[in-house]
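Copied over from TrEMBL, here are the features:
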type	residues	note
TRANSMEM	113-134	transmembrane segment
TRANSMEM	154-174	transmembrane segment
TRANSMEM	203-222	transmembrane segment
TRANSMEM	228-247	transmembrane segment
TRANSMEM	346-365	transmembrane segment
TRANSMEM	385-407	transmembrane segment
TRANSMEM	428-451	transmembrane segment
TRANSMEM	471-493	transmembrane segment
TRANSMEM	505-530	transmembrane segment
TRANSMEM	550-569	transmembrane segment
Amino acid sequence: MGSHEEERLLLEEGHVESGNDGLYTGNGSVDFKGNPVLKSKTGNWRACPFILGTECCERLAYYGIATNLVSYLTKNLHQGNVSAATTVTTWQGTCYLTPLIGAVLADAYWGRYWTIAAFSTLYFIGMCTLTASATIPYFKPPECVDSVCPSASAAQYAIFFFGLYLTALGTGGIKPCVSSFGADQFDDTDPVESVKKGSFFNWFYFSINIGALISSSLIVWIQDNAGWGLGFGIPALFMGFAIASFFSGTSLYRFQRPGGSPITRMCQVLVASFRKWNLDVPDDSNLLYELRDKSSAIQGSRKLMHTDELKCLDKAAVISDAESKRGDYSNAWSLCTVTQVEELKILIRMFPIWATGIVFAAVYAQMSTMFVEQGMVMDTAIGSFSIPAASLSTFDVISVIFWVPMYDRVLVPVAKMFTGQDRGFTELQRMGVGLFLSILCMSAAAIVEIFRLSYVVDTAAAAPMSIFWQIPQYFLLGAAEVFTFIGQLEFFYDQSPDAMRSLCTALSLLTTALGNYLSSFILTVVTSLTTQGGQPGWIPDNLNVGHLDYFFWLLAALSFFNLVVYVFCARMYKSKNAS
């Protein structure tokens, strides 16, 4: 009687169409013990508070280090400005490269849950090490005496950098897995839960920015005024809270089984197709090799339908005469299933969309570089109080916090009436809006700079123009984040093969690192070209005699060109089709 009543309630709520099978998820998820899971008792929004709490606390810990790290390096470790800046950028770049390690481990061997658990522990140990390096007298670098600042000892450097890079490794196992693990809590074969999954990504990004807001305001103030022992200790405590929050929801989670190394599977397709380069691909795709039962040869993955693109890769699934005579189809280096071939095709199709995210990331990088430089030569005074130029980034966070619920509660219902999409916009449409907003952001920054230069009276002093004129460009950038970055999270989760979701999320994070490198490259080229012949260039040390507005217009033009390429790629893109 209990099971029939449970099914009846699920039917009334629209979770299933009919039959007892509707009681369970249709995407292959299991519980902690590996058993099929009931929709009514696991996953969905009931599991998400633990995951969102984990992400909020982890991001608070991360930004608790990153936001003010350059200050600690210069004032406490007594590094020079160039050395400190290099240390920070190298560490941040590492933080966006290590997700590739965590992603491969999650997809291939451990699963997302255990990868998050293991790397969170490393993260916490790293945070505690940093706290010790700023608290224990033997580990603390010596303080300056008058103008003499002794260098830190080798042991002090070692303990600090060990803790710093242990956190970089820790974040590499969390970044690519937490958003995917949260999305795993929604069954994408259920139309109702699939819509909720789109909403999850919005609130996931919201939780990130709540953590960032607390760090960029309260934690930074504590570090500057109450000491770095407490300034590192509080983020370490919150990392402990993140681990506790994550484990607390274990009984409610839905789990996806790891499917083996995605890199190995891709290599097998390439090798098998090369070995069979002289074989013809049959016109009937049913003649290509695939398991005949419902399950896929890849654990934790559903079968993928054959597509007609990139037929050269289909050769990997062609059954040769020798294989047919032997009846042995077990060597994946000479014969791959259609699903395995389609996995690689999906990644290749996603590549152009992925690449356009690099330019957006280069625009986003201006928030912590050129926007700050621009703000430093504006009027930062409010009465007797001076506003740090970097603190204007708070308006970017406020913009995100404003736009996430606005998008989820207002824009989606309105857009749904026009587009007919359950989520209001498709992932591709959403990212396109964000790319358009990035053009407006750079244009706003350029216009502000034009007006700032017109206010310059003394080239040796800041322009008498309030720094608050920068708010529109920060606000536009925050809105662009909500559309582009969250759209990327949705896109790379929904469109990636089931057994490659962590890897694809890591690849989306990689655009941030590459965007920073692209920004540095553009800056280097612009400086080299515009300083020829003894000219001050667009971006001299004294911006009052330069043309930072030209640099912003260049990025706006590059963003426009990037949007045109994106629209073309998006129109050509073919969504994956699981069977």
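Any Cβ shown, glycine's included, is placed from N, Cα and C.
Unlike curated records, TrEMBL annotations are generated automatically.
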Criterion met for the transmembrane segment (203-222) and the transmembrane segment (385-407) (at least three Cβ pairs under 8 Å): yes
Folded-back contacts onto the transmembrane segment (471-493), same chain, C-beta under 8 angstroms, at least six residues removed: 179-180, 183, 198, 201-202, 204-205, 350, 353-354, 357, 360, 363-364, 367, 371, 392-393, 395-400, 402-404, 407, 423, 425, 427-428, 430-431, 433-435, 437-438, 440-442, 444-445, 448, 501, 504-505, 507-508, 511
Among the ranges 228-247, 346-365, 550-569, the one whose Cβ pairs under 8 Å to the transmembrane segment (505-530) are most numerous: 346-365
